[in-house]
Amino acid sequence: MSVTTTDLSVRVPSQNLRGCVREEREVNMGSSSSSYAPKTIYLDVDGKVQKVVFSRHCSPCDIKELLCSSSNIPRNTAIMMVDPEGALVSIDPTMPTNSPNSLYKVVPLSTGQLGEKEDMFQNVLSQVAEQFSRAFRINELKTEVTNRLAMLEKRVELEGLKVVEIEKCKNDLKKLRDEMTSRGGGRVNCPCKYNFSDDGKKVTPRRDVPNYPKYTLSQETVEALKKPTFDVWHWEHNEMLSCLEYMYHDLGLVKEFNMNPITLKRWLLAIQENYRNNPFHNFRHCFCVSQMMYGMIHLCNLQEKLTLTDMGILMTAAVCHDLDHPGYNNTYQINARTELAVRYNDISPLENHHCAVAFQILSLPECNIFANVDPEAFKQIRQAIITLILATDMARHGEILDSFKQKVDNFDFTNEEHVTCLKMVLIKCCDISNEVRPTEVAEPWVDCLLEEYFMQSDREKSEGLPVAPFMDRDKVTKPTAQIGFIKFVLIPMFETVMKLFPQIEEIMVQPLRDSRDHYEELKQIDDAMTEHLKSLKAQFLTK
């Protein structure tokens, strides 16, 4: 006997995940939660077995419509359901399940069969069953009410959006005109998304229930996520969001900090929306750093050595470390005397800004993944995240690495100062770890970084500011940009970490040595070509 399935879910298979991931977009009727398994019953429909799947939170009315549809009965027809012995079965989410060997049958009722009292009794019974069903999902109902309120708020916001945008444009134009006037038509500040004098009004992440699709990661993808060889170029933003969401669940951070899963989704969306579309410092870079951090946690068995709170600090700092990066580095900010440089007194202006934006987002109730954390504990988490993000300023590289070198030979995981120093070095490793990845993954990042460098140096030239040689398109090549950085920054730092975690040598340190050799070979080829061209030119001039 064949089995046909009717389901209250819509599943859409993805066609673009290159075999590593299966997309499953689910719209479950009656609940926005995916934490409850659906219910399955089997019907006898014209001698065939009909499998029916529905959410435990569907209303009796929804289930009746589904049963009518499954049994080829017109909608809104009064029906009853009986078991193989002829006993009535209640039509509500609490109905007992059956098997293909014990089929239920849906029977339409004629007008004469259903008297007025029976009709009233059925309605009362349905209402009572629905109330019982609702009583067992109070949290889901709270979420549903909150989401509906948020949607209404969104509608109100949209109604006034045009007026707000017009006023915003007017104010921005006025501010720009005033700045140009005050500078005599000179350079304009490096633009920043946030003006802190606006009391945080510019941070407006989405308040409705996040609607990026749910991706069920394949086992192959789950394992690949834990390794530095992970190819970050094969993923779209929604897929990267789902991978980040998976990491927080897999590490036990959602449970440890009692995070609302919907709040986690909202927070991740707000994070993504507050990374700019720079060539290098963009959301893909954020994901790249966060994935490398997740990989190092597994590779170095940090779950056995650090606390879950430390895991949460490391991951959250990685996710937030470059929020709202304008695409121009600290040197430009300071030389151009931008608003950020003035606000932070030339002390790590970008890193301070990343921290400020991160905690502006977390200050919004709908995005606060630490809302259920004790206030005193949150203070410590906040300070630790700030410490890690500020550590990504490369101006402090030598200071931080020297401090770690002094501790690594006698490292003590019970010493808070030692652990803090380790976490600072770990986020630094992840931030500049592209060359650890395979060449085909790492090399495009060099192109992206040089593009961002050249944008800055072109601007510096036009504004009469100093230009760093490694950013000048007329002086730098890909090999010259990478060789010194790999030899004198990356390899020494990763080899120091290797003293504490020897297992990273093969997977992380050796690829760096190979990358150094690769770029030195490219430089030799470039030098030989240059000499050959000079020789040809000299021969031509002597003729």
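Cβ from N, Cα, C; glycine included.
Keep in mind that what you see is a predicted model, and the values were worked out from it rather than measured.
The domain 'PDEase' annotation in TrEMBL covers 205-526. Per TrEMBL, the feature AMP binding site maps to His281, Asn282, Phe283, Arg284, His285, Asp322, Asp431, Gln482. As annotated by TrEMBL, active site, proton donor applies to His281. According to TrEMBL, the Zn(2+) 1 binding site annotation covers His285, His321, Asp322, Asp431. Taken from TrEMBL, the feature Zn(2+) 2 binding site covers Asp322.
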Quiz prompt | His321 (Zn(2+) 1 binding site) and Asp431 (AMP binding site), distance between Cα atoms, whole Å | solution = 9
Quiz item: Other than its own, how many Cβ atoms are within 10 Å of the Cβ belonging to Phe283 (AMP binding site)?
Solution: 21
Quiz item: Given the binding-site residues Asn282, Gln482, which one has the fewest other C-beta atoms within 10 angstroms of its C-beta?
Solution: Asn282
Self-check item: Pairwise Cα distance for Phe283 (AMP binding site)/His321 (Zn(2+) 1 binding site) [Å, integer]
Solution: 11
Quiz item: Since the record lists Asp322, Asp431 as binding-site residues, which of them has the fewest other Cβ atoms within 10 Å of its Cβ?
Solution: Asp431
Quiz item: Far apart in sequence but close in space: which same-chain residues, 6 or more away, have a Cβ under 8 Å from His321 (Zn(2+) 1 binding site)?
Solution: Cys286, Val289, His354, Leu388, Ile389, Thr392, Ile427, Asp431
Exercise. Indicate the candidate from His281, His285 with the smallest number of other Cβ atoms within 10 Å of its Cβ, considering only these binding-site residues.
Key: His285
Quiz item: How many other Cβ atoms are found within 10 Å of the Cβ atom of Arg284 (AMP binding site), counting all protein chains shown?
Solution: 18
Practice problem: Starting from the Cβ centroid of His285, His321, Asp322, Asp431, which together make up the recorded Zn(2+) 1 site, report each further residue of the same chain whose Cβ lies within 8 Å of that point, ordered by sequence. | Solution: His281, Cys286, Val289, Ala318, His325, Thr392
Practice problem: Rounding to the nearest whole angstrom, report the longest C-alpha distance spanning His281, Asn282, Phe283, Arg284, His285, Asp322, Asp431, Gln482, listed for AMP. | Solution: 23
